[in-house]
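Here is what TrEMBL records for this protein:
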type     : residues : note
DOMAIN   : 541-591  : domain 'Cationic amino acid transporter C-terminal'
TRANSMEM : 34-55    : transmembrane segment
TRANSMEM : 94-115   : transmembrane segment
TRANSMEM : 159-180  : transmembrane segment
TRANSMEM : 192-210  : transmembrane segment
TRANSMEM : 222-245  : transmembrane segment
TRANSMEM : 266-290  : transmembrane segment
TRANSMEM : 310-332  : transmembrane segment
TRANSMEM : 360-378  : transmembrane segment
TRANSMEM : 476-499  : transmembrane segment
TRANSMEM : 505-526  : transmembrane segment
TRANSMEM : 538-562  : transmembrane segment
TRANSMEM : 568-586  : transmembrane segment
Amino acid sequence: MGLKGLFRRKQVDSNRVRAEGHHQLAKALSIPQLIAIGVGSTIGAGVYVLVGTVAKEHAGPALTISFLIAGIAAALSAFCYAELASRCPSAGSAYHYSYICVGEGVAWLIGWALILEYTIGGSAVARGISPNVALFFGGQDSLPSFLARHTLDLFGSEVVVDPCAAVLVFVVTGLLCFGIKESTTVQGIVTALNVCVMLFVIIAGSYIGFQTGWTGYSVSTGYFPFGVNGMLAGSATVFFAYIGFDSVASTAEEVKNPQRDLPWGIGLALSTCCTLYMLVSVVIVGLVPYFALDPDTPISSAFARHGVHWAMYLVTSGAVLALCSTLMGSLLPQPRILMAMARDGLLPPFFSDINRKTQVPVKSTILTGICAATLAFFMDVSQLAGMVSVGTLLAFTIVAVSILILRYVPPNEVPLPSSLRESIDSVSLRFSFQEHAEKAEDIKQLSLGGTSDEKDPLLVKEIYKNKIDEEKRRKLAALSIALVVVGVLILTASASATFFPSFPRYSACTVGGLMLLGGLGVLSYIDQDDGRHSFGHTGGFICPFIPLLPILCILINTYLLINLGGATWGRVSVWLLIGVFVYIFYGRTHSSLRDVVYVPVAHADEIYKSSQYVA
């Protein structure tokens, strides 16, 4: 196997190969449930804080534009997710797509990074709930002792433990074990209540704003007090408020009609979040001058300045509801990622077990809950929050790369189990004989000077020429995609390396930019692969503006990745290094693709028919 094993890819309809011995997840989700998952996972307490911080330090009144630009940037990834989710509706999200389009090595790293993202993300969210809950009891010191934070002396150092966070994680874990329909119903209710709180902020805030003449706008020094650069810096910050819609894609196997419902669910969830973010920012920045906003409690303090002190409790309720909904959205995808990786043999089969009654991966869900609760109880994971962004941005980037591969160089071979060796040999031999017979007939017609339409020598010559041209096109497309990726890496890394002298920085930016534009130009000029029409499940969403849209997505996400900071990347590198060892010593040798036989796509259906293999 060696390095070649890193590039082996599984087929789209992987259930047909892997379904034996595996129970399937319940098909219970429709568009309303998907919107609840997407909105609930995306709108966290961040909006209740980001509005003040970004407006005061970066954007000013232009915060609304910052949210709009960030929403458009997130929509680039959403378009890519929508097509892949409808074409490949199976559990695993970005891990699943990258395994199909890129290869096993990249898929493993994406899956391993997503495990870290969801674990730390869930723990950080749970850790942030208890301070907000404590406000209803009169402060942190007023919480019941079994829920209040305590300082313990462990191994010679002081550790602040948070029982409330651990209890909340266990409650959500238990709910997720009941079933996908039950958990999404509860999440839908919690999300609806949170949206009602945000609508109150918008409506009541607008009423106060019209009564007072929108003080925040009238005293501001222009709409762009920090300039356009400040507004763009604000967009980069609030972009992370849109992270969460990818949770919808992780439930693809549980959707009743994935080709129709998944794109709608992703699109409507993201557009709902963007609209709410923009409206809230318009109101709050108008009620209070941006320079006077409280960066910790911008919304409640804005109402308090106008005498509506009781609104603090309503806004705090919204923050608690948002955090609870986000906690559910963080813990929901991880068991499905673990299950998908275990189905592919990259993790032990323990993680792929599905409960017959609830039709959810209960064992993986419980293990996820235990890990998240332990972290939430013992650790202040706020310092690790940047690691959450690494997993998400890596997934967004690889999904965009996968779209380019799907359109220009989709896999033309599929892996079939070695148990079908007899059928594979039989069908391959039959196709080989048929091809030789056609070539012999063509040669015969050429020698006889045949002029029929079916055996026109010019037509035969054109067919062979087209086959050679298609191979050249695929190689050129693959090279161009690689050129784009390398160019983006050079361009973003050199643009961000402000500590380097100007000349080498600008030279590297020029080289990276030329590589990026060259790859984009070639991909825009050459045709897309005809195999894209039959790739996976057809009839779903088709991503527009290829190749420009996914390339912009790769550029934006890579830039954000590089600018997450050295400390964040240092911590993530340790986790990824552990993942490399796990893959080398377990995943590589237990992969379900280790004994497969790759055959042309055109032969696969015939092989299954001849072997009477039933998925």
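Placement of Cβ uses the backbone N, Cα and C atoms for every residue, glycine included.
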Is the transmembrane segment (310-332) close to the transmembrane segment (159-180), in the sense of at least 3 CB pairs under 8 angstroms with a sequence gap of 6 or more?
yes
Across the domain 'Cationic amino acid transporter C-terminal' (541-591), what does the pLDDT come to on average, as a whole number?
91
Cβ under 8 Å to the transmembrane segment (505-526), counting only same-chain residues 6 or more beyond its ends: which ones?
404, 408, 473, 476-477, 480-484, 486-495, 497-498, 547-548, 551, 555
Considering pairs 6 or more residues apart, do the transmembrane segment (360-378) and the transmembrane segment (310-332) have at least three CB pairs under 8 Å?
yes
Report the DSSP secondary-structure composition of the domain 'Cationic amino acid transporter C-terminal' (541-591) as helix, strand and coil residue counts.
40 helix, 0 strand, 11 coil
Other than its close neighbours in sequence, what residues sit by the transmembrane segment (538-562), given a CB gap under 8 Å and a spacing of at least six beyond its ends?
73, 76-77, 79-80, 82-83, 85-87, 236, 239, 258-260, 262-263, 389-390, 393-394, 396-397, 399-401, 403-404, 407-408, 484-485, 488-489, 491-493, 495-496, 516, 519-520, 523-524, 528
Given the transmembrane segment (222-245), which of the listed stretches 34-55, 94-115, 192-210, 266-290, 310-332 has the most Cβ pairs that are under 8 Å apart from it?
34-55
When you look at the transmembrane segment (310-332) alongside the transmembrane segment (34-55), do they share 3+ Cβ pairs under 8 Å, ignoring any pair fewer than 6 residues apart in sequence?
yes
Short question: which residues 6 or more past the ends of the transmembrane segment (310-332) have a Cβ under 8 Å from it?
37, 40-45, 47-48, 118, 121-122, 125-126, 128-129, 132-133, 135-136, 168-169, 172-173, 175-176, 183, 186-187, 190-191, 193-194, 197-198, 200-201, 204, 244, 247, 250-251, 297, 299-300, 303-304, 365, 368-369, 372
